[in-house]
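Listed features, source TrEMBL:
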type	residues	note
DOMAIN	39-74	domain 'EF-hand'
BINDING	D52, D54, S56, F58, E63	Ca(2+) 1 binding site
BINDING	D91, D93, D95, K97	Ca(2+) 2 binding site
Amino acid sequence: MSLTDLLSPSDIAAALRDCQAPDSFSPKKFFQISGMSKKSSSQLKEIFRILDNDQSGFIEEDELKYFLQRFECGARVLTTSETKTFLAAADHDGDGKIGAEGTDYFKYR
């Protein structure tokens, strides 16, 4: 399964266009534009599994830096500031990584 099985390619493209400039990435806006914020918990867990590049059950800071590239290989890398802000917001237990329970963050409730 790929991200385009769960999200519209045109929505993904629009979300990536919105954050092309360094330090312009807003997780909330990205999740809304890409359609992630409208997905069910089970769909978000599948998206999480796809984004978890090493299949460790967690998205670590090194993986998070390449978050946009998981949607499109030519997308930019998140800046250090964007990565740290994203991680801090989604890391519920303070262990420095996002677990599958953090998928509700993708909905931005």
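Even glycines carry a Cβ here, placed using N, Cα and C.
Feature map: annotations from TrEMBL on the structure.
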residue: D52; record: Ca(2+) 1 binding site; Cβ neighbours (10 Å): 19
residue: D54; record: Ca(2+) 1 binding site; Cβ neighbours (10 Å): 10
residue: S56; record: Ca(2+) 1 binding site; Cβ neighbours (10 Å): 11
residue: F58; record: Ca(2+) 1 binding site; Cβ neighbours (10 Å): 17
residue: E63; record: Ca(2+) 1 binding site; Cβ neighbours (10 Å): 18
residue: D91; record: Ca(2+) 2 binding site; Cβ neighbours (10 Å): 19
residue: D93; record: Ca(2+) 2 binding site; Cβ neighbours (10 Å): 10
residue: D95; record: Ca(2+) 2 binding site; Cβ neighbours (10 Å): 10
residue: K97; record: Ca(2+) 2 binding site; Cβ neighbours (10 Å): 20
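Using a Cβ-Cβ cut-off under 8 Å and counting only residues 6 or more beyond its ends in the same chain, the domain 'EF-hand' (39-74) has close neighbours at 1-3, 6-7, 12-13, 15-16, 19, 25, 80, 83-84, 86-87, 96-100, 102-104, 106-107. Each residue of the domain 'EF-hand' (39-74) gets a DSSP state, and the totals for helix, strand and coil are 19 helix, 3 strand, 14 coil. Here the candidates are the binding-site residues D91, D93, D95, K97, and by Cα distance the one nearest S56 (Ca(2+) 1 binding site) turns out to be K97.
In sequence order, N53, Q55, G57, I59, E60, K97 are the residues of the same chain, not among D52, D54, S56, F58, E63, whose CB sits within 8 A of the CB centroid for the Ca(2+) 1 site. A straight line from the CA of K97 (Ca(2+) 2 binding site) to the CA of F58 (Ca(2+) 1 binding site) spans 6 Å.
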